[in-house]
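So the structure is just underneath, and the comments pick up after that.
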Amino acid sequence: SLGEAWAGGLPVDWAAASGPGRRVELPTYAFQRERYWLEPAAEAGDMSAAGLTAADHPLLGAVIALPGSVVLTGRLSVRTQPWLADHALLGQVILPGTGFVELAIRAGDEVGCGVVEELALHAPLVIPEDGGVAVQVIVEAADEAGRRSLSVRGPGDTLHASGVLAPGGGTGARWAAWPPPDAEPIDLTGFYDDLADRGYGYGPTFQGVQAAWRNPEGVFAEVALPEDTPVAGGLHPALLDAVLHGAALLDGGERQEEGPLIPFVWSGVTLHAAGASSVRARIVAAPDAPDVLSIDLVDTAGEPVATIDSLTMRAVSPQQLGAAQTGGGSSLYRIDWVKGGAGTALDEPEAVVLRCPAGDGPEGVRAAVQEVLTVLQEWVSEERSAESRLVVVTQGAVAVSATEVVTDLAGAAVWGLVRSAQAEYPGRFVLVDTDGPVLLAGDEPQIAVRDGQVLIPRLARTENIDTAPVLEGPVLITGGTGGLGALVARHLVTTHNVRELVLVSRRGLDAPGAVELRDELGAEVVACDVTDRQAVADLLAGRTVGAVVHAAGIGSNAVLAELTAEQVEGVLRPKVDAAWHLHDLLPKETALVLFSSIASLVDNPGQANYAAGNAFLDGLAQQARTQGRPVVSLAWGLWGGEHGLGGQLGESEVQRIRRWGMVPFEVEEALTLFDHALAADAPALVPVRYDLTALRARGDTLPHLLRGLVPAARRSAAGGQQLSAEALARIPEAERDAAVLDLVRAHVATVLGHRSADVIDADRNFLELGFDSLGAVELRNRLGAAIGIRLPTMLIFDHPTARQVAGQLHARLAAQATDAPADSPDTVSALFRAAVRAGKGAEGLAFLRAAGALRPTFDATGDLPPAVRLAEGPARPRLFCVGSHIAAGSSHQFSRMAAGLRGARDVYALPMPGFATEEKLPATTDVLLESYADAVVEYSQGEPAVLVGYSAGGVFAHATARLLEERGVAPAGLVLLDTYSPDSSAMGELWTSLLAGLLDREAMFGPFNSARLAGMGWYSGLLETCEVREIGVPTLFVRPEAWVAPDGAEDDSWRANWDGAHTTVELPCDHFSIIEDQAHETVTVIENWLTTLLGEANARRIR
């Protein structure tokens, strides 16, 4: 168009283009969707020349008279009937049920039948985004009473509605008083927002309810079309549809249906007056059938417009709407790169640029990912970077078209890594892929720059694909003996008649179910480590392969701050190394199908390593396609049941994903999409099922990649989900605390999947409520977006209840409203860091002890905060955990261990207060130990208890066990996890390494400010006064095999020993991973020890 040419820099003679006339200013509101092109008229053509009669109706074009019957035809589209676009259910535009009524009324007029005696709807009529659909209304010959059968059919001769037309028609009701004197007004605030949350996607044309009242008889409503809506025909479908919205008010909106309610069967419909643009409605539900309504409509003068004797409603599901579509592409998507806004040059200090190192082979890819991961972790741990963006720049890492070459596969993997970081830390990272030295940025989190033009990625549906896939030659499947690989193998045999199948897995026939699968399918099963290039070469040697499905892969999830190099390496190898070897060693004509994941693209917090590996697959497919190989990478969404990644997720994680809008596939649906993807001519596709209503409900938090699927709508503050400093200032001061607390509880309820915030105890610890690391990330991000302030990483761990978080938010909002000055640089933190860097860890700790002496203290045991329950279960004894003060005493040190015990036994974390500014420190060691002993007695409720101490916390746990023993209530056992005795000769070297490792983990634990560091110093002093004496409590000592320093240790002098231990076990881990990556192994050792100690009746054995 001329507009595009002008935007691209070409001169345009606008005077010649526009001709005579005056200029008119157009509105510039970004949120106002309105077309300014001339609307097309529905061309009727010369009907008489074709032997037809014009229907003279906005939905129908022609009437065909046949012997004894009549056929009316029309074509529906959002182009010729724009109001249709304002009617969506579960994200799809469909003809409203009232549209079928209008078609039936017009057909009745044609044959002299004034009553739609019955009209049953059979299938939704989906209106496509582009093009249109043809409809036929077929009226059969009249019977002896003049009644006629009617049917409405759409594409493929699909029956959408059928019914009976009858002669006659009553006079209708007339009302004198409006509204009825005994009716109470209904507050409609947020009415259409609530309907949208329930799946009704109504645009402006359909949002017609203006006012409503309720009395014992039913609901009364005033309904009107927008003033600029053309009114023609009998009763505009949008007007009648809006009348039906009043049914949602019959019971106060409390009903919960399986899906949105739509009209099912209409009975006794009579139109008394045509062309109404507004009506008054009375809606009454049958006493014993709330889904059966009777409706009367009158105009503003009280004269009858229409009567509906009976209307039965029913729920519609996403599956039913999906079945109404043709073809198989409804859940098959692609990435489109579309033009973004004009880019701006990057400017310091708002952004810092990191240029990603390029690389292709597996070693280069893994090195680049590890290098960038280190930078990301350092970035999120630095408080001074909180208000800046890190811009990660690549060149040739993504392709913006099917023919563009991906030249930097390391950069492709980095894109996946950073996408996950963006999900955890919104606004902190930007991805830019550029084709030259010009570096532009914008408001989008991911952009590509091509020839100076900014492009942004958007997920878009593929066109319908009807071609059957062609698979030639033997098929080899990696990961073929289990999970998705086994499902695909069975599908290829049963559906595609593949007779030569090679199933590859690391264990071969030793894998669970491999022998049975071989016998069932007649397949060859081979053991092969596909990450080993030589093993892959041996596998392929002398073997003809027509196609390879690479479905091998593993997951090892962790939030960005906790992700280790080992986890990255373990996940990348089956993805990166294996796919590279297959591509490099297979003949170019061999088809390659790569099983990637939606995690490579979006909604992937806690999966940075997995996202990187799968993004590499997407990039490799693009590169290989341009080199001539038939290849496709499938970024799968969630498979249902135990299949794929879904089988590794807990129920809370699956519910979180569902809340975000992703619906797990049924196996049959996913395999059908697999077939369609093979038939598509695209290097990368995204098979995923989305609940578009759930996506819409995410509002302005919806990821940019998904914003092409649904319009992102910001919820109003009245919905209890947002609160700005200005809004807080308008609330009476006495009500502000409650307002902020309500906000926090609402978001906590959402993250935990509760329908109401009423179930959230404001004073219960978040870990007890069921939060995990990803839940903490989501809550922090939701609250940050709600108040418009970036919040610290450790928000819910430093302030572990809703009430405490609300206090923090209130303070931050109040400070923002009063323009409070920023905090001065943290001198204590800076001095301590300098000491650690200079190798003066001991001096640094002495400095912190002095700072701790200035903090407030408590000297009564009752001042200890409550213990935090991390897990719950029937097995005994209960576990009581004491953490390391070096990690700020946080209860979440034990969250990974507790995750393995949920549903099995109670696990409590004993608090170590004083690390937050508002908390007090214990005055003495005796106060701390007495408090711990009291807590163990209280929470164990007279049943057996075991104390678990990690690192220095083990010294406090040991002393607590001794105190309980002296009281005559000795614990059943004591577990010490890599605990050093205070007088150990290895303590000096340990402190140096621990402090360095701790600062490396600042992204995990949060910034170490003055309060936290002073608390750490104070507890170090208490530790020195904590006497270690012999006890009779059975003691398990667990220590690591590896030293914490990256370069290892020269000898074993660093290794911890505990003289009083009854059992000592070594694990292949280090001081940190014993409760992090290897927490499951630690739990296994503890549980098996308990079984030996106490017997099967009081413990459970884990293998």
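Heads up, the Cβ atoms here are built off N, Cα and C, so glycines get one too.
TrEMBL annotations: computationally assigned, not manually curated.
Residues or ranges marked as domain 'PKS/mFAS DH' by TrEMBL: 57-322. Residues or ranges marked as region 'N-terminal hotdog fold' by TrEMBL: 57-172. Residues or ranges marked as active site, proton acceptor in TrEMBL: HIS87. Taken from TrEMBL, the feature region 'C-terminal hotdog fold' covers 183-322. The active site, proton donor annotation in TrEMBL covers ASP241. Residues or ranges marked as domain 'Carrier' by TrEMBL: 738-813.
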Have a look around ASP241 (active site, proton donor) and count the other CB atoms within 10 A of its CB, chains all included.
24
Length of the line joining the Cα atoms of HIS87 (active site, proton acceptor) and the residue listed as 'active site, proton donor', in Å
9
Tell me, roughly as an integer, the mean pLDDT over the region 'C-terminal hotdog fold' (183-322).
85
When secondary structure is assigned with DSSP, how many helix, strand and coil residues does the region 'C-terminal hotdog fold' (183-322) contain?
28 helix, 61 strand, 51 coil
Packing count at HIS87 (active site, proton acceptor) (other Cβ atoms within 10 Å of its Cβ)
24
When DSSP states are grouped into helix, strand and coil, how many residues of the region 'N-terminal hotdog fold' (57-172) land in each?
23 helix, 51 strand, 42 coil
For the domain 'Carrier' (738-813), DSSP counts of helix, strand and coil?
53 helix, 0 strand, 23 coil
